[in-house]
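Over in Swiss-Prot, the protein carries these features:
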BINDING   Leu408, Gly409, Thr410, Gly411, Gln412, Phe413, Gly414, Val415, Val416, Lys430  ATP binding site
MOD_RES   Ala2  N-acetylalanine
MOD_RES   Ser21  phosphoserine
MOD_RES   Tyr40  phosphotyrosine
MOD_RES   Ser55  phosphoserine
MOD_RES   Ser115  phosphoserine
MOD_RES   Ser180  phosphoserine
MOD_RES   Tyr223  phosphotyrosine
MOD_RES   Tyr344  phosphotyrosine
MOD_RES   Tyr361  phosphotyrosine
MOD_RES   Tyr551  phosphotyrosine
MOD_RES   Ser604  phosphoserine
MOD_RES   Tyr617  phosphotyrosine
MOD_RES   Ser623  phosphoserine
MOD_RES   Ser659  phosphoserine
REGION    12-24  region 'Inositol-(1,3,4,5)-tetrakisphosphate 1-binding'
REGION    171-210  region 'Disordered'
ZN_FING   135-171  zinc finger
Amino acid sequence: MAAVILESIFLKRSQQKKKTSPLNFKKRLFLLTVHKLSYYEYDFERGRRGSKKGSIDVEKITCVETVIPEKNPPPERQIPRRGEESSEMEQISIIERFPYPFQVVYDEGPLYVFSPTEELRKRWIHQLKNVIRYNSDLVQKYHPCFWIDGQYLCCSQTAKNAMGCQILENRNGSLKPGSSHRKTKKPLPPTPEEDQILKKPLPPEPTAAPISTTELKKVVALYDYMPMNANDLQLRKGEEYFILEESNLPWWRARDKNGQEGYIPSNYITEAEDSIEMYEWYSKHMTRSQAEQLLKQEGKEGGFIVRDSSKAGKYTVSVFAKSTGEPQGVIRHYVVCSTPQSQYYLAEKHLFSTIPELINYHQHNSAGLISRLKYPVSKQNKNAPSTAGLGYGSWEIDPKDLTFLKELGTGQFGVVKYGKWRGQYDVAIKMIREGSMSEDEFIEEAKVMMNLSHEKLVQLYGVCTKQRPIFIITEYMANGCLLNYLREMRHRFQTQQLLEMCKDVCEAMEYLESKQFLHRDLAARNCLVNDQGVVKVSDFGLSRYVLDDEYTSSVGSKFPVRWSPPEVLMYSKFSSKSDIWAFGVLMWEIYSLGKMPYERFTNSETAEHIAQGLRLYRPHLASERVYTIMYSCWHEKADERPSFKILLSNILDVMDEES
């Protein structure tokens, strides 16, 4: 699969290849490679690409140019507001929402595409001209206006493939003089009819005013980011940037204070206005027990942490004090409250408009707290999160950029090795054994999987598909497989740490659930642990591409019977609820420190017992509350099992109660 050069959501006008075809406009996800310009349906709620709707071979493109927008189009060429019926609402011209059209001309006529911004249009035209520059049939004249109602608005010619009416001034392609890649074509002299057309004055092409920075969203970099390819923009922690393009995808286009533009990872930034993420005292994903452990280790009077509360949308201030007479010190947790007027307080008499103002006040005044907030405490190294790919658009990875350092083990698809990308970035390299995977299907789906980005998912970086075996490149996790981690470290875990592992996995699965993406093989063996003990979910969705019948058949020796609900064992019916069942078994694995589920039974006996209603017993490290959560995942009726969102809420409640 060729690397994607550009990827954007545009409005596409129907090409009306038949005279009876309707004129309509649809949002499409456009992808450009060196070989094809393709467009797809796009699911905005799930943030993923849909079915392919069409493509154009790059070698067939003869011209790429802007189009002069039609002024005051009639109602039939206008579109309704999103979500409203056109017969019941004010019509809005298409150019008001996607005001920057351009055309891609090929052997079947012009394809009209509408961009939401002038900058995005310019970039696409530039890249398209770059990839077609060696084409042999580039035209010397084009139509600057739309083809509408059977004719071009600029010259009234009625043949869709009629020669253009305006001469291109060496703008179509970018060949240097004397290039041997294609013969230079001199334009033919105009016919008398064309000469008359050319003498007609054309309507002036509108000039787009540069985007004012006051109209753009301002963000602050949370981490440094060094560009990995030419499309990227460098980030410096604490500096401000302006967002030029924002999407559901994990890369946004931005501009720095010097006017440099490029793509940045969206998980490396936060909104500049009233954001608390940039402050040293804030730890977004820290739990109550982690905060207590860190404050005790620091042992400083007035040490404090501001963290997300277990209650959605709330914050908690955790404070350590020695002055209470307790030899080990005392930790108090204060929920940041708010009034109906959006004023924040810890003590009701002291109200503030923002949380930073609140913290600043209590850094100088205890005002009812166990101690004033003297020392912000945080993890020594707040590691930057993984990016979705090694730079924007970097999908196909060059094997020459990989250095293999050591073998990590052997998985379902082959050997896994630890290595470096370009000598500096840690990666895991899965070398796919030939015949073990449906490779073509995986490669098509992996582009979607790369856009799944969450801090508790092992990030897919890219693939190497131009040789065999193919490689899958992912985030490296230093402590390896969760199952082995549990077995090897079994005497060192406190129950609170085990619950945090469950929370980590549940957060990842809630994210996949929100994207309507199934894992299909959730188990401790398919989760990995990083150097800080954070658990991340791996191999999501890969089981669909296994070619081994012993793995894919429910009666096969390798099928994950012990993690499968009745509807999967009997009917191979996978759903988010079958992932819920598997999560309950994974919780059991964690609290049993890596034991085999149903260890006394064979696979066939296990399947029989599950069908009869047998469920796993409560591990001795699991409290009744924890066991209630895992047991709720094993309801015989799939619809009666909770969602991952509910499970996460229940786990957070237990974390607060048992800490």
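Positions of Cβ are set from backbone N, Cα and C atoms, glycine also.
In this structure, the C-alpha atom of Ser115 (phosphoserine) lies 42 angstrom from that of Tyr344 (phosphotyrosine).
Between the recorded positions Ser55, Ser115, Thr410, Ser604, Ser623, Ser115 has the most other Cβ atoms inside 10 Å of its own Cβ, all protein chains included.
The separation of Tyr40 (phosphotyrosine) from Tyr361 (phosphotyrosine), Cα to Cα, is 53 Å.
Using DSSP to sort the residues of the zinc finger (135-171) gives these counts of helix, strand and coil: 0 helix, 8 strand, 29 coil.
For the pair Ser623 (phosphoserine) and Tyr617 (phosphotyrosine), the C-alpha distance works out to 12 angstrom. Taking the zinc finger (135-171) as a whole, pLDDT averages 85 in the prediction. Taking every protein chain shown into account, Tyr40, Tyr617 are the modified residues, and of these the Cβ with the most other Cβ atoms within 10 Å belongs to Tyr40.
For Tyr344 (phosphotyrosine), the count of additional Cβ atoms within 10 Å of its Cβ stands at 19 [all protein chains shown]. In sequence order, Met431 are the same-chain residues whose CB sits within 8 A of the CB centroid of Leu408, Gly409, Thr410, Gly411, Gln412, Phe413, Gly414, Val415, Val416, Lys430, the residues recorded for ATP being left out. Here the CA atom of Thr410 (ATP binding site) lies 34 Å from the CA atom of Tyr223 (phosphotyrosine). Of Ser55, Tyr344, Tyr617, all annotated as modified residues, the residue with the shortest Cα distance to Thr410 (ATP binding site) is Tyr617. Leu408 (ATP binding site) has a Cβ environment of 18 other Cβ atoms inside 10 Å.
Considering only the modified residues Tyr40, Ser55, Tyr344, Ser604, Tyr617, Gly414 (ATP binding site) has Ser604 as its nearest partner by CA-CA distance.
Candidate binding-site residues: Leu408, Gln412, Val416. Nearest to Tyr617 (phosphotyrosine) by Cα distance: Gln412. Checking each of the modified residues Tyr40, Tyr344, Ser604 against Leu408 (ATP binding site) by C-alpha distance, the shortest gap belongs to Ser604. A gap of 33 Å separates the Cα atoms of Val416 (ATP binding site) and Tyr40 (phosphotyrosine).
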